[in-house]
């Protein structure tokens, strides 16, 4: 009975399962490689090798149990942390997203300008002597010519055949492309410069139109510079992910690229008042919010647990009702509470007979946030407090009562200290969770209210993580580098506070 | 034993490689142009493009539909060389960030193609002098009035306020005018501008006249006069758009600014085409009704996929053509952007109604302008705070208007170079 399937069959099943898993990972590796995500591709390939080595050899039995967890931890925890660390050292924001090579290609493309004359032609694609050519028509001026990459040949109307719109489609020595050749010709003709005159060329804008254009920006690879051929301006790499004019660093060419700026994002947090000042305010509120949430939810949960710890009629029903807020998806609860706090139509104002602008006034908004989080969080502490109360030996309370202690003294001197010893890790975990309670803030207040008219950047209820989200993904400029730097600071803060608290509560020692 | 182990390794390697090869995606054919669109436009574009298969000779067009406009934007923000589309049908405000980040590619239209559109529509899709797509449809707002509450179109802002005050008690009105479409910045721009704070005035050539825009003192005084009773709101104009649509449909608000994308909901409730711009403080003047175009935007992925010319041809042959827009808007039911399509007999009354309201007093939403943090502020993000500060918090209407004007000025000075 120990093994349902054993022997060769089991071995074969194992090989097949591992092979199928490896095939999926190889497929993903292949896809990642095709998208030039080499680190991901390498990780997936190494994972396949590790899985094969672990499960198809007898290298280590414990490893067979640990390896899936280790790989998932690496992929979804360690990887993102390392990526965040790396990105925090880059100028990585709207306008500086792509690589330098891609940026150079695109600046060259954008460096092509239509001629001041605005001339354009209806064109027909084809070849002359096997080389790419266009048959160009200006139906307004009846100007026709053949243009190749080497030269331009004027044509007279009498030598041409026209379609119903007056566009030339057949000319001597010109072999037009047929429909099936268009797609394969795209790469050849796109970007080709068909001769117009000494200064201008014809650039394709689709298969039917050519626009007389000129190259305004020229890349000089030797000096890593862009040169404006009309004004003579020279744009050099400013070391921050853009080509900029030497005497006007604000005059940059777009797009830029991700460039390393090392610790600048971190120093901006300290030196840039537009980053520092809102961040300090948000940090203070984040700590207050997390502390108040833990205190209020724990207090209410414990109170209810104590109340229902005694045998009273209908205790099971009460217990079931109290767990309901925890059973409901928090997203739904938050949205419902959001509606109930609505100034004009909300149930709260209707019940109280008030017209409080809950989400427009900073203090009321903060109260609303704490109240909603109390609703969401107390069942958790009620449940764990209930369980912990059962775990405290009743003999201790009985002995104290015999010694003359009153119920308040028993709670203060025996029950609460023992409870805190048991619940300390959970209280610390709750603090850490609420420090990053993005969902509540995002869905209930969106971080607001914010007085934009007075130049406020962060909202009154923004916590660090929601503020970071706005920096990373808000409207206007998205600064992923700065957001990464703030994320790391949050990580260090939460980790430090948690470690300190755990150490103080000596929880780690009891696990040792 | 060794032979056995090699045997397992062989079985493993064979199965793994065989399966991965079998399910490996084949490379995209270079004859396919991929278009991304949202849940509304996607299915309709699929139908229209499939019905006439030769929009671009030698190419097939594949339309990928996303579950929502936000999902489409999110996917486009994360698109890579391999996964990205050749053309994306998106909002005009995608242009500045898409261009800056190197995801959108410029296109130069011939004079003949340009002539098919109102020049201000190109302003919507332009960033630093380069055009990044072609206008597809118009998203605009207009004011609707409930003829069961008010018998005729108001001639001035003051007339609307008077009507509200006289009907408030007898009809149980919850507000006089509210914003149901476009939010408290773009949607409410019609009220801002009706009361004197036009974010940008245009000259006849489609250029912005910066010096004549946003007069804070006039605007603030008008807010005091028409929207306040002392330091409190007189109830005519709510500070938020919450509940506006429901209240209008319930007959408790006589005037509402609505978006053309929601017109069907009003028709379903029996409303007819009583559309107009928000009237100004003087008879015969009107607030500027916000309107934007959605664009078919060329991406830089098209060049990487080797279909750039094909994609440009699809933009001009289908998206920017009368034929293409007539066929598409016949089922999408938005006001078409192209002039020939606007004049087509298949255009519905709603499409025309919004179109005429916009043409009487319309402004484009320009993504590159007033919607960035240039100058350290974002006008459109800040505008709703004005209504909160004045109508809810009771702050001084003129002083708060001056603050908003300062943001407008900083944002304008910083951002106008991006046009």
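Placement of Cβ uses the backbone N, Cα and C atoms for every residue, glycine included.
Residues 5, 38, 40-41, 44-45, 47-48, 51-52, 55-56 of the same chain lie 6 or more positions beyond the ends of the transmembrane segment (A:12-32) yet place their CB under 8 Å from a CB of it. Among the features that TrEMBL reports, transmembrane segment is placed at A:12-32 (among others).
For A:38-56 (among others), the entry in TrEMBL reads transmembrane segment.
Taken from TrEMBL, the feature transmembrane segment applies to A:63-83 (among others). Within the same chain, residues 43, 47, 50-51, 54-55, 491 sit at least 6 positions outside the transmembrane segment (A:63-83) and bring their C-beta atoms closer than 8 Å to a C-beta of that stretch.
As annotated by TrEMBL, transmembrane segment applies to A:282-308 (among others). Within its own chain, the transmembrane segment (A:282-308) is flanked in space by residues 315, 318-319, 322, 366, 369-370, 373-374, 377-386, 389, 411, 419, 423, 427, 430-431, 434-435, 437, 458, 460-464, 467, which lie at least six positions past its ends and keep a Cβ under 8 Å from the stretch.
What TrEMBL records for A:283-501 is domain 'ABC transmembrane type-1'.
Residues 304, 308, 349, 355-360, 368, 372, 375-376, 378-380, 382-383, 439-440, 443-444 of the same chain lie 6+ residues outside the transmembrane segment (A:320-343) yet bring a C-beta within less than 8 angstroms of a C-beta in it. Under the heading transmembrane segment, TrEMBL lists A:320-343 (among others).
Feature annotation from TrEMBL assigns transmembrane segment to A:363-383 (among others).
The transmembrane segment annotation in TrEMBL covers A:416-435 (among others).
What TrEMBL records for A:480-502 (among others) is transmembrane segment.
Long-range contacts of the transmembrane segment (A:416-435) within its own chain (CB-CB distance under 8 A, at least 6 residues past either end) are made by residues 286-287, 289-291, 293-294, 297-298, 302, 373, 377, 380-381, 384-385, 388-389, 391-392, 396, 463-465, 490, 493-494, 497-498, 501-502, 505, 507.
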